[in-house]
Amino acid sequence: MIVQVICTVCFLAVNTLYVRSFDFLKADDMGEINQTLVSEFLLLGLSGYPKIEIIYFALILVMYLVILIGNGVLIIASILDSHLHTPMYFFLGNLSFLDICYTSSSVPSTLVSLISKKRNISFSGCAVQMFFGFAMGSTECLLLGMMAFDRYVANCNPLRYPIIMSKVAYVLMASVSWLSGGINSVVQTLLAMRLPFCGNNIINHFACEILAVLKLACADISLNIITMVISNMAFLVLPLMVIFFSYMFILYTILQMNSATGRRKAFSTCSAHLTVVIIFYGTILFLYAKPKSQDRTGEEKLLASDKLISLFYGVVTPMLNPIIYSLRNKDVKAAIKYLLNKKPVH
């Protein structure tokens, strides 16, 4: 059922791009496209709502600082505390570092545009934003899948856990996630930026999000659609299948336990990761699966809601990750308290 839902989301996303590409080809045949190539893009952001821009500037700034501090503390704790030198916290440290990289690639420019009204971004700057956004998103999907597999082995094969999840194994798993996400992003970014962009250069978004950029291309984007379908299957559907089946086996194993204490402990070790997965995939589902309005006023409201949902995905989720893992994990809370209370040696 979950796989069918994700496949539907992938279809809806690429179908939107296909319709857009058909419109461009049709306009090109009629000679209606202005063939002046653009050298920069204009990010609209919340330009239609000037009164609330300062409010969002303050909110995004506070959330960005929380992201840097919260994820930074988690990274330091996972490195310095020997009790956290386990596969789960190694993946958590990678996830925290990824959240810092992801937000730092777009949030500073968003803050500048909100406070200074400077909304233009160069062609190369847009490519860099697109690369980091796609790379971090792809890598996070794979890392969440790896973390689910780690929880599966820990709960369903505890005696073999040290062998299966050895240091070589989990370092290799994280490295493959980063490398695969990077390669995927390089391919998608190069395919997008090779397209000619002529006439309209306005991106109705906070950042250079790849779907928003492809809508501005005045050429056939069939190849982009095909590669994005493959990418969605590999980086969205496959990790979600791993997560789904891992937790099905975990749930079955937990229900077979006779000890109530053991069941509570098993649930507590998985609850933080499961919460992050629900927020991450839930936002993606809501963003791409909801229906589009045909009414112009309704469409403008939906565009505004899309921006806010994208903001939630890009800023609020990385901010919540360290909070969720800290509040729902005794080891992390103990490590943070120890680091904060540690006396300097004179």
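Cβ coordinates are placed from backbone N, Cα and C, and glycine is handled just like the others.
Database features, via TrEMBL:
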type	residues	note
DOMAIN	70-325	domain 'G-protein coupled receptors family 1 profile'
TRANSMEM	54-77	transmembrane segment
TRANSMEM	89-115	transmembrane segment
TRANSMEM	127-149	transmembrane segment
TRANSMEM	169-191	transmembrane segment
TRANSMEM	233-255	transmembrane segment
TRANSMEM	267-288	transmembrane segment
TRANSMEM	308-327	transmembrane segment
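Same-chain residues lying 6 or more positions outside the transmembrane segment (127-149) and placing a CB less than 8 Å from one of its CB atoms are 88, 91-92, 94-95, 98, 101-102, 105-106, 109, 121, 170, 173-174, 176-178, 180-182, 184-186, 188-189, 192-193, 207-210, 213, 231, 235-236, 238-240, 242-243, 246-247, 273, 276-277, 280. With respect to Cβ pairs under 8 Å, the transmembrane segment (308-327) is most closely packed against 54-77, considering the stretches 54-77, 169-191, 267-288.
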